[in-house]
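Pulled from TrEMBL, these are the features on record:
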type: DISULFID; residues: 240-302; note: disulfide bond
type: DISULFID; residues: 248-266; note: disulfide bond
type: DISULFID; residues: 254-258; note: disulfide bond
type: DISULFID; residues: 498-505; note: disulfide bond
type: DOMAIN; residues: 242-526; note: domain 'GT23'
type: DOMAIN; residues: 535-596; note: domain 'SH3'
type: MOTIF; residues: 332-338; note: motif 'SH3-binding'
type: TRANSMEM; residues: 35-54; note: transmembrane segment
C-alpha cells in the first residue's frame, strides 16, 4: 500500500510539479521501507537457526532407527545367503548326476521330468525347461543331419579336386624345369591341407556343440537294440519243428571275409523272408568243428534243418525249408539284397547315419559275430599283449592274390599319407603322445618295411599273422586266429585306411559301424567306394545340373539318376546317366546317394522300445 502511495505521489510530482515538502516526505517513506526489509531478513535467519535447533533431536532419533533397520536387513541378507549356499550345493549334486546321465546317453523324457520335479521340490518354484524335454527326445531333424554330413563330405571333395589339380601343375613344373613353380605349388598344397583340416575339425566341434550328441548315442542304441531283438525273435521260434527255415551252406570257395559276407547275405535273406536261418557249417574250412566253435550259435532253440517239405530257392511261401544258393547263382533276384534298407526303419536310419546301407549290414554282422568266451578271451589277450590303445589308425595292406587281378598295387607310403593326415588333424585339437598304427597285411614284408621307413610311428601287428594269411596256409587254425585278431583290431581303431576292394577291409568297416553312432566318415579307401558282393544297383541322384566341359565328362540335369561305378577321389565320380545313357565322369559333390528303400517285414511281434 505504501508502494502504491509512493507511486501515486511520484505521479503527482511529475504531473503537477510537487513541492519540495512532498519530495522530502517520499524520500522518508523509501528509507523506512528499506529498514523494514532488512529487519525481515534478520528475523528469517533467526527463525531458520531456531528450527534447526528444535528439530536436531528428532533427526538423531530417525538416524538411530535407520541404523537399526540397516542392521536388521544385513542380518537377513546373510541368512538368505547361507540358505542359497545350501541350495547351490544341492543343485550342484542334482546337476552332476544329471550330467553323468547325459554323458552316458541316457537322457530321455523321464530323466528330464525327474530333474524338473527335483528342482521344484528344492527351490519351491515352478520350473519349465522351455521344450527341452521334446528337444532331447526328438533330437535334430533328418534334414539337419543330412545337410551337416553333406557339408563335411563337400569340404573333403573340394580338397580332393584342388589337391589333384595342383599336383598336376606341380608335375608340369618339374617336367618343364621350373623348380620355383613346383616349390610354390607344394607350399600351396601344404597350406591348403591345413585349411581343410581346420574346417573339418570345426564342423565336428560344431556338431558336438549344438547338443545333439546325447540323442545320437541314445538313438543309435535304441535302433540297434530293436534290430537285434527282431533277429533274436526270428532265430528262436517257439516250435522249431513248425518253423519256416532258410538253409545256408557256409563253405563258399573263398577267403574268410568272403565267407562271412556270404553268411550275412543269407541272414538278410532270412530276415526279408521271415524264415529262421539254419547255417550249415559242418567241416567249415576255417574250423573243422564248425561255426559254433568260434561264434555263439545263431539260435538257442532251432538248429535242425529238417521239415515237412524242402525246395531250392525261391520255393513258395508255404514251403517249410528252402535252400539258398550263393548270391552269384541267385535267381530270381529279390529286391531286398544289399544295398537295400527296410522302409519301416529307413527314416530313422537316414537321419542317424551317413551311410545307412552299411549300418544295416553291420547289424547282421553284430548278431552273427558274437564270440564264444574262448574266442573273446583270445582277442582280449592279444589286445593286452600288443598294448593296443587309442588313438590308433588301422591299416590293412592287401597283396598276394588280389594284386594284378582285383586290385592294383599300393605302396606303404600311400597308406601312411592318410595316416599322417589323421594324426595331423587330431593334433590340431590335442597333444598326441604316440602316433600308433595297427598294421595288418597278408604280406610279411610290409610290417618290417613300415617300421624302418617311419620310425616316428609305433606299429602294432604280428608278422606271423601275415604269414598265416598267405594262400597256402589260409585255412589253418593259426590263420583263423590271425584273421580274427586283425579284423577285431582294425574295427576298433579310430580310423581305417585300406582298400575297399578287400573283403577284410569292408568287413572291418561294417563292424566299426556297430561301435559308434556313425562311423561312416572314419575311413579312407585307396581304391573303391564301399560295395557288397552281389549287391543290387548302387545309384545316385543329381542335385545340381552339370555341363560336360572336359574330355570324359558327362552332362546331367537335376533329378537324373546315376549308376555310380566309383569315386576317383579327385573331385570326380564315374557312372552312367540312366536318362541319357552316357557313361563317364561327373563332379562328386553334385550328386547324392539314392537309397533303395524296400518293404521288409515289420516284425510287429517285437515291441518298439518306448
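Using N, Cα and C of the backbone, Cβ positions are placed for all residues, glycine too.
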Whole-Å Cα distance, residue 248 (disulfide bond) to residue 302 (disulfide bond), is 14
Among the disulfide-bonded residues listed as 254, 266, 302, the Cα nearest the Cα of residue 498 (disulfide bond) belongs to 254
Pairwise CA distance, residue 302 (disulfide bond) versus residue 266 (disulfide bond), rounded so that it is a whole Å: 16
Could you state the whole-number distance in Å separating the C-alpha atoms of residue 266 (disulfide bond) and residue 258 (disulfide bond)? 13
Greatest C-beta neighbour count within 10 angstroms, which of the disulfide-bonded residues 248, 254, 258: 248
Which has the fewest other Cβ atoms within 10 Å: 240, 266, 505, the disulfide-bonded residues listed? 240
Whole-number Å distance separating the Cα atoms of residue 505 (disulfide bond) and residue 240 (disulfide bond) is 36
Among 302, 498, the most crowded of the disulfide-bonded residues [Cβ within 10 Å]: 498
Where residue 258 (disulfide bond) and residue 240 (disulfide bond) are concerned, what is their Cα separation in Å, rounded? 29
For the domain 'SH3' (535-596), the DSSP helix/strand/coil residue counts are 3 helix, 29 strand, 30 coil
Write out how many residues of the motif 'SH3-binding' (332-338) are helix, how many strand and how many coil, based on DSSP. 0 helix, 0 strand, 7 coil
Taking every residue in the motif 'SH3-binding' (332-338), the average pLDDT works out to 97
Rounded Cα separation (Å) that holds between residue 254 (disulfide bond) and residue 240 (disulfide bond): 31
